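S.K.: Take a look at this one; I'll ask things after.
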Amino acid sequence: MSMVETAPSKIQVRDLNFYYGKFHALKNINLDIAKNQVTAFIGPSGSGKSTLLRTFNKMYSLYPEQRAEGEILLDGDNILTNTQDIALLRAKVGMVFQKPTPFPMSIYDNIAFGVRLFEKLFRADMDERVQWALTKAALWNETKDKLHQSGYSLSGGQQQRLCIARGIAIRPEVLLLDEPCSALDPISTGRIEELITELKQDYTVVIVTHNMQQAARCSDHTAFMYLGELIEFSNTDDLFTKPAKKQTEDYITGRYG
């Protein structure tokens with residue numbers, strides 16, 4: 001079983017299998033995601049990284065041909081049961097996608113929208129929450145004088161930080177990021193990476209990335225996946241400097257993938 005013992009576990013994956021129809025996409029995955037740490041999933045395209053990430057908040061639930069078997073324990077509760085409230089799960093486990101996806105509304109309302117689904121706040125309290133989320137996402141100083149402008153008025157990097165602010169505004173416990181920098185320039189990427197490192201003070205962060213250097217810079221633990229299997233899961237420094245499996249070494253040295 002692949003576990004990291006340096007911190008308490010926030011998510012425990014046990015014998016997880018995932019299917020797209022008859023296609024067996026994830027095969028007997030076992031791993032523990034450490035609380036208030038950054039865990040990165042790396043591997044070539046088609047390895048199952050994003051599929052695994054999306055099981056953590058049941059993004060597949062709208063598609064009846066997709067199914068997960070096994071257990072995913074969030075603080076000890078199996079989220080794969082049919083009794084799991086999807087809305088409450090996604091309030092606990094937020095997600096930021098590959099491309100920035102601001103809502104077609106103001107910067108302020110992008111942040112407030114999700115909060116309104118779960119909380120009834122007075123305007124002053126909502127103003128405070130919006131400022132708090134934008135500050136956490138390192139975006140407040142750039143937006144405080146234009147909160148009522150469209151979210152689309154921001155640059156690509158700012159839009160992605162807006163999406164992160166939107167995700168944390170409802171105060172989740174886990175934040176999932178699926179290739180959050182793939183559409184961004186190097187300067188914006190650097191700011192997002194700094195933000196990811198800061199966010200782990202308050203959240204458990206899981207990131208999917210094709211960029212091995214990004215995983216090495218940002219994460220505490222890294223999982224290498226290949227063809228739906230978890231090949232190796234370790235402390236990030238150990239995985240990149242002294243991998244235990246030849247497949248891992250071949251991938252990080254560019255021999256395949």
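Yeah, the Cβs are placed from backbone N, Cα and C, and that goes for glycine too.
These figures come from a predicted structure and were not determined experimentally.
In case it helps, Swiss-Prot gives these features for our protein:
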type: DOMAIN; residues: 11-252; note: domain 'ABC transporter'
type: BINDING; residues: Gly43, Pro44, Ser45, Gly46, Ser47, Gly48, Lys49, Ser50; note: ATP binding site
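I'm curious about the neighbourhood of these features; can you describe it?
M.R.: When pLDDT is averaged over the domain 'ABC transporter' (11-252), the result is 95.
Secondary structure at Ser47 (ATP binding site), taken from DSSP and collapsed to helix, strand or coil, is coil.
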S.K.: Would you please pick out, from the binding-site residues Gly43, Pro44, Gly48, the one with the fewest other Cβ atoms within 10 Å of its Cβ?
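M.R.: Counting other Cβ atoms within 10 Å of each of the binding-site residues Gly43, Pro44, Gly48, the minimum falls on Pro44.
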S.K.: Rank the binding-site residues Ser45, Ser47, Ser50 by the number of other Cβ atoms within 10 Å of each Cβ and report the first-ranked residue.
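M.R.: The residue with the densest Cβ neighbourhood is Ser47.
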S.K.: I'd like the Cβ neighbour count for Gly46 (ATP binding site), meaning other Cβ atoms within 10 Å of its Cβ, all protein chains included.
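M.R.: Around Gly46 (ATP binding site), other Cβ atoms within 10 Å: 13.
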S.K.: Taking only same-chain residues 6+ apart in sequence, whose CB is under 8 Å from that of Lys49 (ATP binding site), what do you get?
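M.R.: Non-local contacts for Lys49 (ATP binding site): Phe41, Ile42, Gly43, Val208, Met225.
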